[in-house]
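Annotation source TrEMBL lists chlorophyll a 1 binding site at Glu119, His122, Lys233, Asn237, Arg239, Gln251, His266. Annotation source TrEMBL lists chlorophyll b binding site at Arg124. Per TrEMBL, the feature chlorophyll a 5 binding site maps to Glu234.
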Amino acid sequence: MILSLVESFFEINLVLIIKLYVKINHEIACSSQKNGSLLGSTKASFLSGRKLKVNSFTAPVGARSSTTVCAVAEPDRPLWFPGSTPPPWLDGSLPGDFGFDPLGLGSDPESLRWNVQAELVHCRWAMLGAAGIFIPEFLTKIGILNTPSWYTAGELEYFTDTTTLFVVELFFIGWAEGRRWADIIKPGCVNTDPIFPNNKLTGTDVGYPGGLWFDPLGWGSGSPEKIKELRTKEIKNGRLAMLAVMGAWFQHIYTGTGPIDNLFAHLADPGHATIFAAFTPK
């Protein structure tokens, strides 16, 4: 008899606790169901930077009320920092978009459009520059080539004087950059080859002209998922190349030699040929 009373007492209290929990949960987490907003969801989203998934279930032990539980959901795309909140103008549609813009440089649509093209061309130049630094220096180091250092290449004498080289470079690069700028202002206006009119560029996106000259293997065609994957790889490798070129430049300033020479010196004497040796008084 006493045991039955105790069981009934605990059962009644458990039901009351569940009902109280349901009431509090509805008041805090679901304060406004008319507009679909959840106070608890807003707080969690603000703190974690991630969207929330909402699940409903029926309370056990005879409770007839239902409750809504808000749990943190994983982001639908990779972000530069786990749990961060990407700005609204970086919605993941751009290649290499990981939601990183702490200074808000892309908040203006026109600035974002220009910055996308600026990063793309700098990535491509950096990848060419990194190849021009590391490959000749490595081949010279192992005795296959005999090229001057990339750091002093501008001081050497070539087949003509530097003024002539500068004028020729200014003409060709200025022409190419002018057409690229025109394509940014009016996309598609430079798709016709000025020398061979029948050879038209096939690309429709600014910065990706396509065609025989810029996409001979046809990698820029296919499904949108494949194209975005390849463009993301290009951006990621380009960002790495920009850091590599800057690192090689600083490395030569502090050590007086290039990255390949420093690598071979470190492999020959790992205990002494380190980054700390560059800052140690001699």
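Cβ from N, Cα, C; glycine included.
Sequence features, as recorded in TrEMBL, placed on the structure.
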residue: Glu119; record: chlorophyll a 1 binding site; Cβ contacts under 8 Å, 6 or more apart: Ile235, Gly238
residue: His122; record: chlorophyll a 1 binding site; Cβ contacts under 8 Å, 6 or more apart: Gly238, Met242
residue: Arg124; record: chlorophyll b binding site; Cβ contacts under 8 Å, 6 or more apart: Glu234, Gly238
residue: Lys233; record: chlorophyll a 1 binding site; Cβ contacts under 8 Å, 6 or more apart: none
residue: Asn237; record: chlorophyll a 1 binding site; Cβ contacts under 8 Å, 6 or more apart: Cys123, Met127
residue: Arg239; record: chlorophyll a 1 binding site; Cβ contacts under 8 Å, 6 or more apart: Gly96, Cys123
residue: Gln251; record: chlorophyll a 1 binding site; Cβ contacts under 8 Å, 6 or more apart: Thr257, Gly258, Pro259, Asn262
residue: His266; record: chlorophyll a 1 binding site; Cβ contacts under 8 Å, 6 or more apart: Ala273, Thr274
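The DSSP secondary structure for Asn237 (chlorophyll a 1 binding site) is helix. Within 10 Å of the C-beta atom of Glu234 (chlorophyll a 5 binding site) sit 17 other C-beta atoms, taking all shown protein chains into account.
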